[in-house]
Each structure stands twice: as structure tokens, then as C-alpha cells.
């Protein structure tokens, strides 16, 4: 890891965090985070560097380890200006005042009183703090004569005094969550990479691109004709279809979708499935299909048939009168079902790595010399085998303690604080595991910790104040777990292994640059928002998330007021809340079925060699990403299965460069139109045509 690579990586992080929000939300160009775990901007530029720039540098070219570090730092930062944080953070701490003011029902219930002190900006003066945030500031009468003067004007537009409380409240929580994720990634890395031998398809693909052969300009991949065959065919299709969006009368598109809805007329029961639109619409994504060559047949088959199996389960259940309606944040049958699945999957992860994790924990607590059981020596050596794991475990525990103290300080009682933190970290961990094991680059858990706790505790035991605080906590820190640090970081650690970068060094570099990126992004977004105004065209960040605490707490508030138990609920202590738990029966059935399903499939997978389905099915079915990708994955599984059947593993290995070329072409094609769209915007001032490359 060189100073040159570290500097280039830091500059890339500063560029992404400093311009990402402006690109995505102010200029409305193609999002920097598109592609999620395979960020188009990062991987596309990597292709450009490897194919065009590095050969021109001669002996000064960037080595594989340097490229791996730069890619990891850049990819990890892509979520910061997006849904990992800044797409919604500023709106969440300002816009509740706006929506409460124009919603008489919330005003009459005084719902702003349930928000903890310091969680939102000080709204006075209203015009400067809230209204200017929505509409933007008046333009200067005369242009600034220097950059220093221009910057001073922009800084003075922001009411920094009113922003101090929420920044002091949320930034420590954001930093501690980031540190906890990085430490958690370092702790589990050795177990996943070396003991369980996960496949890490995303890291494998990236390593195939940046690998270098001694004394050669290009590695063997780029000298393989099959790579260029797959690259040329898919790039031609993508460029042709992209040009069709701009010139529909001159170009003929290659059809990549096919509707099966006519079959629904013969079987109306299909409409009972809330995700029937994805099941009955075949979408072909070459990139997704090609990734099947990086997966085991078990994984690709499970992902491919998951939506078919969901329909087989869902249609008769809905026919029995059970509602499958689910709110992404607050919950419902599907979300609670996945909450149970995630919990069981986490238990299985801990069980499978129990010796390693116990060894790391003992070493972290300085107990490695104690003999607790017959195999204690082996356990301890397992813990010591991962450099930095014990230190990471100590920092993880300290970070969790800090998160707990800060959430209690916000106003949560200790059981709910522990629950929301534990569930948040659990979701991060499982999403990272899904990425490492299945290669899915677009993942949505489809449930939030506070929603599961609401259903588990019941309205009286949790109370409206805890709902407001925990929903704010989740909206700021974990509303879109796919773009959080941990999934990117897990793949980066594996990429570092392939290029001989120490996991500890990689962790330090990622954590340091990520925290710097957060600071840059936070202040950039605040300044930009008061200059241009918040983007009102994005319902998700403009209305849905800022109103989440109101929408989640209002039904419980009305129920408690109607029964005269509001004051009693708010006065409950931590132990009293535990004793007052009254979980929803629907929640218990939904979560229980997910929990048992994962445990059952895990046991069958361990005991029966022929068992074809992976328990990850319960984690991803009935979610948007798998709905749009399942057909492409199933097609990839079929192609690989036929290759194994008629040509054996040798044919699969021979066709792998073709698959890499297909993936690379999809990414490069997307980058071409991202750049073309940006140029078109800056030249004409008009919005470019949108062309959907990736499922999103």
C-alpha cells in the first residue's frame, strides 16, 4: 500500500462525497451509486485505467495492490452521498417542521413534542431555517469576484447556529456506527474468507480486471478472445439500445424484456401475489446472467427460483385471507417474515463460526490463557490467527457501548436501545454476507429494526416516544443497508487478500477516508441545500422519510389515548416495558415461519448432499431486487448447468472470460451514457435521456 495509492484513493473519496449529491439530486444526472456493490463510476473508470492509462505509464503504472486500494476506498464512499446517509439526512432533521405545519392532524396531537431535544434543527427563525432550506436562497445581485468571496456567501446562507444541535446529536452516532461496521467486517473476514471459503463473486470479478502479469502490459484476461467476444456483443447491444432512447425514430432496439401477463388472464389467482408484476415480466440483464459463472449452482438456482417458490407459497396463503401488505419502513407480514429469517440466519452464522468467534472474543477480553473447555487451546489459536481481529472486537464492543449510551441519552429505555442497535448491526452483517456469498450487488432487506420492535413489543410497551426516536435512528443510520459501508468493505477485504494488502491496513485506510468523506458530504449537502433548495421531486427523501416518525407513531398514539393508557405507557421503565410486551400474533406467525424456514433449510443443507436450496432464499424473496433479477439469474444457472453437463468444469472455466467480458461491457456501456448525459446537460442545460442499465 503506497502513498501514491492512498492519495489517489483519498482524492477519489473527496470527489465522490463532494460532488455526488450535487450530481444525483441537484443536476439530476445518473446516480454515482448506481450499480451499488458494482458502482458503475468506479468499475468503469477502473476499466479505463487498466486498458488505456496504465499501459502509457510504463514502469510507473499502478500496480494491482494500488488499484485494489483505490477501488475499495472509492466504492465504499459511493453510498455516502446516496442512501447510506446524505440522500435523506438533511431532510430528516429539517422537513418534519414543514410537514407538521401543513398537516392539521399532526398539529392537533402536538406530535413534535415526542421528538427528542437536539434531534432536529432549531426551527426559528422559520424563514431562514426551514423555508430557505425548501426553496433555496436568493441569487446574488452581483457575481462574486473571487472564490473566497463566493465561498463566504455560500457559508453565510446556512443558519449554522440552528444546525449545531442535530450535528452534535447525529454525527457521533454516525461515526460510531461506521466504526462498528468496519470492526465487524474485520472480525468476520477470516472466518468467511478462509474457514468457510465464501465465493466473493464481486471481488473475484474486480480482481480479474485489475490483475497483472509480470512483464506484460495486459493480463491473460484481456488477451483472451472470448473476453472480447462477450464484451463486443453486449456493448453493441447496450450502445444500440441507449442510442434508441435518444433517437427512437432512427434506431431499432434489441428487446430485453418479455411480458407473460397474458397467462394471468387464464389464472387470475396470480394477482394475489404482491410481486406478480416481476414474476410475469421477464427482464434480461446480461450482467446478472454472467455472474452465474461466479456462483455455485446451489446459490444461482436458489436465487433464480425464489420468486416462483414465493408465488407458490403466497397465492394460497392470501387465498386464506391473510394480508401480505407491507410498508418498507414500518413493517407488515413480508417484512416481519424477513426479520425472523435474518435473525435465524445470524444465529447460524454465529454457530458455524463459534470456535473462531469465541477465540477472538476471549482474546479481546484478555482471557485467551484461561481454559474454559477441553478444546480451549484450539479456540484461542483460532482467535489469534487473524491479526487485528481481537483489537477490532474490543473497538466494536466500545462502539456498541457508545451507541447504547447515546441512544439512551436520546430518550430510549435500555431494552429498546439494545434491540434497535442489535437489529441494525445484524442487518448490516447479513446484507454483507448475502453480497459475499451470492454476488448480489443490489439488496433490499425490506424491513427496519424499529418496525420489528413495534410489532414485538406492542403499542403500550413501546410507546409513541420510543417509536419516534427509534424511527429517526433507523431513518438516519440504516434506511438502505445495501449502500452502507459493510457490504462494500467485505468485498474490499477479499480484494485486498487477492492483492496482498493486509486486512488491518485496509481497514485503517477505509475507515479513515470514509469518516473524512462523511464530514465533507455533510457540510456540502447542507450548503448546497440552502443554496439551491432541497430536491422536492424525490418523494422518498422529501416526504416519505421526514414523515416516517409521524406515520409510525400516530396509530399507537391514537390507540393509547382512546384507551386512556398514554401516560402509563410513557412512564414505563425498561423492565416494565419487558414485562408489558404483547407481540402481534401476525408478527409471531410471520417471523416464526421465516425463523423456522432458515433453520430447517440450513439443517437440510448440512445433512443432505442433494438438497438444492440455500437458506438465503428466505432473506431475499419477495424483495424488489430479486423480483427483477430472478429470471436473469435462472437463465444463467441453466447456461452453466448445460456447460457442466456437456463440457464439464473445463468448459465452464473456458467460458469464464466470456462472462467477465459481458459484465465489463454492461458497466462500460453504462459509464458511456453517464458521461454522455453529463456532457449533454452542461452543454444544453436540458435533462439527458434516461436508460436503465442495471436493476434499481
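Every residue, even glycine, has its Cβ placed from backbone N, Cα and C.
Features of the protein shown, as given by TrEMBL:
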type	residues	note
DOMAIN	2-533	domain 'DUF6785'
TRANSMEM	38-57	transmembrane segment
TRANSMEM	64-86	transmembrane segment
TRANSMEM	167-188	transmembrane segment
TRANSMEM	227-247	transmembrane segment
TRANSMEM	301-322	transmembrane segment
TRANSMEM	342-365	transmembrane segment
TRANSMEM	386-406	transmembrane segment
TRANSMEM	412-434	transmembrane segment
TRANSMEM	446-463	transmembrane segment
TRANSMEM	511-530	transmembrane segment
TRANSMEM	587-606	transmembrane segment
DOMAIN	590-679	domain 'DUF6784'
TRANSMEM	659-683	transmembrane segment
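Segment contact is absent for the transmembrane segment (167-188) and the transmembrane segment (38-57), given fewer than three CB pairs below 8 angstroms at sequence separation of 6 or more. Sequence-distant neighbours of the transmembrane segment (38-57) (same chain, 6+ residues past either end, Cβ-Cβ under 8 Å): 12, 16, 30, 32, 67, 71, 74-75, 78, 202, 205-206, 209-210, 217-218, 222, 287, 441, 663-664, 667-668, 670-671, 674, 693-694. Ranking 412-434, 446-463, 511-530 by CB pairs under 8 A with the transmembrane segment (64-86) puts 511-530 at the top. Using a cut-off of 8 Å between Cβ atoms, the transmembrane segment (342-365) and the transmembrane segment (511-530) share fewer than three residue pairs, counting only pairs 6 or more apart in sequence.
Confidence over the domain 'DUF6785' (2-533), given as mean pLDDT on the 0 to 100 scale, stands at 90.
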